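To start, the structure itself, in structure tokens.
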Amino acid sequence: MRHSTLAAFTLAIISTTALVPGVALAQTGEVQKLENEVLIAAEGAGTKIYPIDRARLLSGGKFDLKVEFPTVVKESDITLTLNDKPFAEVFDEKAEYIENENGKDGSSLVIKQVSLVEPGAYTVVAEGKDAAGKTFRSSVKWDVSGTPKEARAKNIIFILGDGMTVSMRTGARIMSKGNTEGKANGKLNMDTLPAMAFIGTSSTDSIAADSANTMSAYMTGQKSAVNALGVYATRNENSLDQPRQETIAEAIRRMAPKKAIGIVSNAELQDATPAAVVSHTRRRADKPEIVGMFYDVQPEIILGGGSAYFLPKSTPGSKRKDDIDYIEKFREAGYAVATDRDELTKVAAETNSGKVLGLFSTGNMEGTVNMQLGLGDAKKFPNQPSVPEMMESALSVLEKNEDGFFLMVEGALIDKYEHPLDFDRAIVETITLDKAVGIAQEFAKKHPDTLIITTADHTHGVSIIGTIDRNFTPEEQKVLELNENAQVEGAGSIERASPMRQRVGTYQNGGFPDYKDTDGDGYPDTIDVKRPLAVFANNYPDYYETFGPKMDGTFVPALKNEKGEYVANEAYKNVPGAVLRIGNIPTSEDTGVHAVDDVVLQAQGPGSEKLHGYMENSDVFFVLADVFSLGEAKTDE
């Protein structure tokens, strides 16, 4: 592969019409092969330009420009224009010419870390000729947006429930507040946020998406492909060398460097949602490298799991590939370090630097139910703080910053329980996240110049259809146990003889669940009740439906067999009344998958009035940029 500086091409620029505020900007489709493999343009084996067609860019925001030709073209036969101005008059950066990318895919041009300041519409045209004289040409249109002259908010609190569907919110309201004669006995905190929008979540390569590219869209204003964080997914086989999209954290560091940045999650900090605030990779699994990206940006508050990726490989349990000790590096950078709830409370109260690194588990943190029951990692890490507790500590430090802050808070375990069809735990995690929303609202009462946003990154195909009657008489219990292994072939391969199927209450037979909250803490005293909610997924692997909560640990619906296919976990086969359900998704999937449904966003505070109707997730970034005035070009709006 040959690289050189491109000198013999012209780049010109045209600014035509002013950008119309509020326009939703969808993206061109692409087909992803797998993770960091080549993406083939929807138009065929043609020339590709990144940023892609209809991209909306922040005035002054940094991005990488890349052109990919489908074959080798000579450097001297390439023309790249934005109409009439030479490249040197637009950007100071030089273009890198790659003769044959990956040694087989064709020539490319890459211009790194450029920006456009003047708001308006831009047209980019790339053209090249191969050795036979065949011409390859492509064009895209971009819109560049300025921001108001004055920041409207001092603080932004962005709260995300990973995979938080409407059904999870409904379940949380019923489970925590109750419902009498058809009316909710109380509202969730998030129910009271006045602004509302429906958010589209699709990616550049699929209508279905994952947490990486969806959260990345919120944090960059750019759509991308499944598994990608802060980059466009191109054919380059190096996952860490893709066209970069500036994140909100980087924009803040560039335009409002005195503001603080906070990241709170009960997942591994290298997981998709927290990583999207700071990172750039085609492959979300580049977790050791993502830690380095956290260090590059250095958010003032970093709280979550995933300590295994901070520890040098010589430390038992480390998942790093090198001997870099990032915990020590953060200490040297002035961070106070906490490893449990008590330490977090202490360092948050005493820190003089305003910097806190909290690492409370080697992997994902443990969920609310499992912490209460002493299950899972609660045994190894019994003093983990909850998301609301981490948020309170974060705010106690961040509010001391006179210039304000951006705080991202994730309830990650909603999604991580929805995937294995453990919906009782997922609903409880939604209650936990709602408590964090309440903390944000209390903070905003003292600091009304705070924008609060609560949303999800994507949905799951999950619904509540009624209740399940598990209140058995002794005689019914005997019948249940006698029928536990009954096999009757029928529609959907369901064990139609199972009496549990007949105890699913729908319509008027649904009645009301019997969750109790005797101590008034907002949580049900137990999820193991006689009439729980009937929550089912519309997609699933082979599994045994047991019609009740899993009190001995998180549900594991499927396991891999000797053929490498996922089949129902036989550990649940003999649960009284268990029903075998044959999956309706590929046998390569061991859990339920994401849905394409819109997510609900609600908000309050300065700028929240711009969040309404239908929006793309990438549009939300520009509301964040507006309220912080992060564009270099300033408008009167």
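Cβ from N, Cα, C; glycine included.
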- [ ] With ASP415, HIS419, ASP457, HIS458, HIS594 listed by TrEMBL as binding Zn(2+), identify the candidate in ASP143, ASP162, ASP191, ASP205 belonging to that site.
- [x] ASP162
Open item on the list: Given the binding-site residues ASP162, ASP271, THR273, tell me which ones have a C-alpha lying within 10 Å of the C-alpha of ASP415 (Zn(2+) binding site).
Closed with: ASP162
Task: Non-site residues, in chain order, whose CB comes within 8 A of the mean position of the CB atoms of ASP162, ASP415, HIS419, ASP457, HIS458, HIS594 at Zn(2+) - done: GLY163, ASP210, SER211, THR214, ILE414, GLU418, ALA456, THR459, HIS460
TODO: Looking only at C-alpha atoms, tell me how far SER211 (active site, phosphoserine intermediate) is from ASP457 (Zn(2+) binding site), rounded to the nearest Å.
DONE: 6
TODO: Starting from HIS458 (Zn(2+) binding site), work out which of the binding-site residues listed here (ASP162, ASP271, THR273, GLU410) have their Cα within 10 Å, and give them in sequence order.
DONE: ASP162
Open item on the list: Please identify which of ASP271, GLU410 has the densest Cβ environment, defined as other Cβ atoms within 10 Å, among these binding-site residues.
Closed with: GLU410
Open item on the list: Taking the Cβ of each of the binding-site residues and counting other Cβ atoms inside 10 Å, which one has the highest number: HIS419, HIS458, HIS594?
Closed with: HIS458
- [ ] Quick one: of the binding-site residues HIS419, ASP457, HIS594, which has its CA closest to the CA of ASP271 (Mg(2+) binding site)?
- [x] ASP457
